[in-house]
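I have placed the structure first, in the form of structure tokens, so that the comments after it can refer back to it.
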Amino acid sequence: MPRPIQAVIHGPALVNNLQVVRRHAADSRVWAVIKANAYGHGIERAYEGLRQADGFGLLDLDEAVRLRQLGWQGPILLLEGFFKPEDLALVEQYRLTTTVHCEEQLRMLELARLKGPVSIQLKINTGMSRLGFAPAAYRAAWEHARAISGIGTIVHMTHFSDADGPRGIDHQLAAFEQATQGLPGEASLSNSAATLWHPRAHRDWVRPGVILYGASPTGVAADIEGTGLMPAMTLKSELIAVQDLQPGATVGYGSRFEAEQPMRIGIVACGYADGYPRHAPGWDGNYTPVLVDGVRTRMVGRVSMDMITVDLAEVPGARVGAPVTLWGQGLPIDEVAHAAGTVGYELMCALAPRVPVTVEPAGAADAGETLGKAA
């Protein structure tokens with residue numbers, strides 16, 4: 001028998017979360033962002049739950065080819081664009097929309113011998129300072145793009161840096177509107193946070209990512225309560241041993257946790273080699289939440305490669321084989337990530353290849369077929 005750990009991808013949750021996005025941005029089309037192997041969920045698995053999107057946004061050509069091989073005939077957006085002139089042959093072959101964020105890409109398009117026009121999203125750097133033309137240079141970039149015969153539709157695009165925080169989007173939205181004033185074309189601005197909380201930025205296309213997978217853009221689980229979003233991944237395992245400790249007994253590498261009174265602990269088949277955060281705390285008043293038999297308890301001691309240890313004070317009847325939820329249904333991934341000093345995005349993407357993945361089909365209420373290992 002394999003180790004009892006597994007990840008479950010909840011297809012119905014993906015369907016639900018896309019519907020939540022549509023309720024928030026009813027007048028916009030939706031790019032469902034599936035970069036980073038669909039945030040660790042697997043492109044092939046996520047596709048089934050998100051196929052009612054208007055288009056898919058992803059990062060590289062390999063992901064785009066995989067999506068076409070699944071049968072998707074709609075729009076696909078390369079969020080970072082292309083990198084080399086030879087990439088344009090695949091952009092054309094697979095009918096991809098590409099982000100264009102620099103003069104070098106415009107020159108490559110100008111020199112390319114394309115059979116037909118390529119749709120682009122021309123990116124403005126309104127404050128993120130990663131990719132995009134400066135607002136003062138944007139109009140010239142747009143004029144350059146419009147003059148290139150190999151370019152068809154041009155959509156105005158930017159990315160918000162503070163849509164999930166107190167600074168908000170006003171400064172970037174003002175820069176975007178000034179840079180695009182009087183220019184024809186659709187617009188795509190909103191990431192997950194702006195999709196939820198800034199309706200005036202929805203425009204023609206929204207680009208939700210992490211909310212499609214049921215996590216919060218802020219990293220705070222409470223911030224998405226009441227939205228209807230559901231976790232699309234549950235990482236679960238079982239107790240594989242139980243230990244009774246006396247006062248003074250220590251737990252794990254470095255003996256960071258010491259029992260102050262008689263206590264029972266459970267050993268869970270899950271460790272950092274499975275993608276659980278090694279830096280998740282379990283000592284000195286800082287503890288990471290875990291569910292055992294559906295009851296909330298805490299991790300104690302350090303995370304090791306293959307195991308963690310949990311306090312069974314709240315579940316005294318737990319025995320070997322008791323179910324354990326590391327994150328997902330019943331325990332928001334953002335709570336675990338917050339305890340570990342990171343964000344839910346990272347935990348999703350860090351799911352290790354050795355963890356078996358089971359898929360709950362998008363049209364079913366019960367857990368479904370196993371599609372192998374996490375890619």
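If you go along the chain as it appears here, the first residue is 1 and each next one adds 1.
Keep in mind that glycine also has a Cβ here, set from the backbone N, Cα and C atoms.
In the three-state DSSP classification, LYS35 (active site, proton acceptor) falls within a helix. Listed in sequence order, the residues of the same chain lying 6 or more apart from LYS35 (active site, proton acceptor) and placing their CB within less than 8 Å of its CB are GLY57, LEU58, LEU59, GLU63, LEU79, GLY209. Per Swiss-Prot, active site, proton acceptor is recorded for LYS35 (among others), and the stated evidence type is sequence analysis.
The number of other CB atoms found within 10 A of the CB of TYR253 (active site, proton acceptor), across every protein chain shown, is 11. According to Swiss-Prot, the feature active site, proton acceptor maps to TYR253 (among others).
Around ARG130 (substrate binding site), the same-chain residues six or more apart in sequence whose CB sits under 8 Å from its CB are HIS159, listed in sequence order. Under the DSSP three-state reduction, ARG130 (substrate binding site) is assigned to coil, being neither helix nor strand. Look at Swiss-Prot and you will find ARG130, MET305 tagged as substrate binding site, backed by sequence analysis.
Taken from Swiss-Prot, the feature N6-(pyridoxal phosphate)lysine covers LYS35.
DSSP assigns TYR253 (active site, proton acceptor) to a helix in the three-state reduction. Put simply, MET305 (substrate binding site) is 11 Å from TYR253 (active site, proton acceptor) when counted between their Cα atoms.
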